[in-house]
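As given in TrEMBL:
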REGION    1-54  region 'Disordered'
COMPBIAS  11-32  compositional bias 'Polar residues'
COMPBIAS  33-51  compositional bias 'Low complexity'
DOMAIN    61-269  domain 'Carbohydrate kinase PfkB'
BINDING   Asn68, Ala69, Asp70, Gly96, Lys97, Gly98, Ala99, Asn100, Glu198, Asp356  substrate binding site
BINDING   Asn243, Lys322, Leu323, Gly324, Ala325, Lys326, Gly327, Gly355, Asp356  ATP binding site
DOMAIN    314-398  domain 'Carbohydrate kinase PfkB'
BINDING   Asp350, Thr352, Cys386, Val389, Gly391, Ser395  K(+) binding site
ACT_SITE  Asp356  active site, proton acceptor
Amino acid sequence: MRGIAALSPSKHFNATPQTNPKTQPIQSNNNHFSPKPNKPSFPSFSTTPSKTPIPIPTPPLVVVGSANADIYVEIERLPKEGETISAAHSQTLAGGKGANQAVCGGKLSYPTYFVGQVGQDAHGKLVTEALEGGGVHLDYVNTVSAAPTGHAVVMLQSDGQNSIIIVGGANMSCWPDCMSDDDLELVRSAGIVLLQREIPDFVNVQVAKAAKTAGVPVILDAGGVDAPIPSELLNFVDILSPNESELARLTGMPTESFEQISRAVIKCHEMVSSETTTNLDHPKCLPESAFLDYCGHILKKKKSLLSTRDVYIQGVKQVLVKLGAKGSALFIEGEEPIKQPIISAPRVLDTTGAGDTFTAAFAVALVEGKSKTECLRFAAAAASLCVQVMGAIPSMPDRKSVLNLLQSL
């Protein structure tokens, strides 16, 4: 994809597989990945210059997803059918699940790249300026002329709760049939990849496949399109992250109590698909040899008599559920759930972007090598700070604020 060179001084992430301290390849969703800590490079004050160590680039957080202009209208309550009400205030701010998560990673001081699309319009400029201001690398952001920048109407009620209507725009159209080699190389060079469902499924499938074959963990935020998640995408996801309502829609099960949520998560664990490579492969998007190697490994583990043209893979083994005011929980198949209560905020001004903040902060902590319990706590602190500020991207907290909050508890 074309880079926006004027907004980013660097051109491309310099991927060096031999030196990047990547996680070990994840061959099956049955395995639980645990990324190795990535130590930042610091200056070396050595009296022997010739022995100064060469800094090793930190594998970045790569977010592939949507970028929107969020049009906020502040109302006392939602209108009834056929009713017209007045808004107290309106403003337009940068947002979109992908852009939100990318800015969160950047503001948490982790090297972050965003892969997405905007239109050649004022909203596109608003979004790219917000991304740049959040410390996100824009080399893989594409500007398209055939569609406007995506936007959303956010109906914000006085208690901070919101309802959102999304117009896809450039997020849902003008994507190439096959992602470019540069885009996929960035994905393969990542420390962790974040996806959402506000861009076409076929794009997410390509990205998830590329990440999986390179041993890069993939987190899929279930927010976005209200439709079943394609099995070929779930096959390449390590952690699925829905909220309560998304979990209910995906499983067709109630999620009002923790017991009900646990049963719904079990259904996610048990999701099974039997696909052929005809269905799984998007033309030319994954080398045949790489895909057959992956299939062969799965078949060997399952001791299946199927040929390598058939794939049998079980559902997602880790489910990170965002529970709103009840906190969050990480479910790992075969283990007890890890619960995290919310970290109460003095006031809740706007919950827009809180889920994106939580997911991205969890991803940053995970790729930095923190334990799952520490990841949940770090993410809860970030989300607590987020809800105290209006807007999605403007509310993303910086690392110092998150650490200060954690230290004060």
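Glycine residues also receive a Cβ, built from the backbone N, Cα and C atoms like all the rest.
Those TrEMBL annotations? Automatic predictions, nothing curated.
Keep in mind that this is a model prediction, so the values were computed, not measured.
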Between the C-alpha atoms of Ala99 (substrate binding site) and Thr352 (K(+) binding site), the distance in angstrom, to the nearest integer, is 13
Would you list, in sequence order, the residues of this chain other than Asp350, Thr352, Cys386, Val389, Gly391, Ser395 that have their CB within 8 A of the centroid of the site's CB atoms, where the site is the one recorded for K(+)? Leu349, Thr351, Gly353, Ala354, Val387, Gln388, Met390, Ala392, Pro394, Met396
Tell me the Cα distance separating Ser395 (K(+) binding site) from Asp356 (ATP binding site), rounded to the nearest angstrom. 11
Measuring Cα to Cα, how many Å separate Asp70 (substrate binding site) from Cys386 (K(+) binding site)? 16
Do you know offhand how many angstrom separate Asp350 (K(+) binding site) and Asn68 (substrate binding site) by C-alpha? 17
With DSSP helix as H/G/I and strand as E/B, how many residues of the domain 'Carbohydrate kinase PfkB' (314-398) fall in helix, strand and coil? 35 helix, 14 strand, 36 coil
Looking at the binding-site residues Ala99, Leu323, the one with the fewest other Cβ atoms inside 10 Å is Leu323
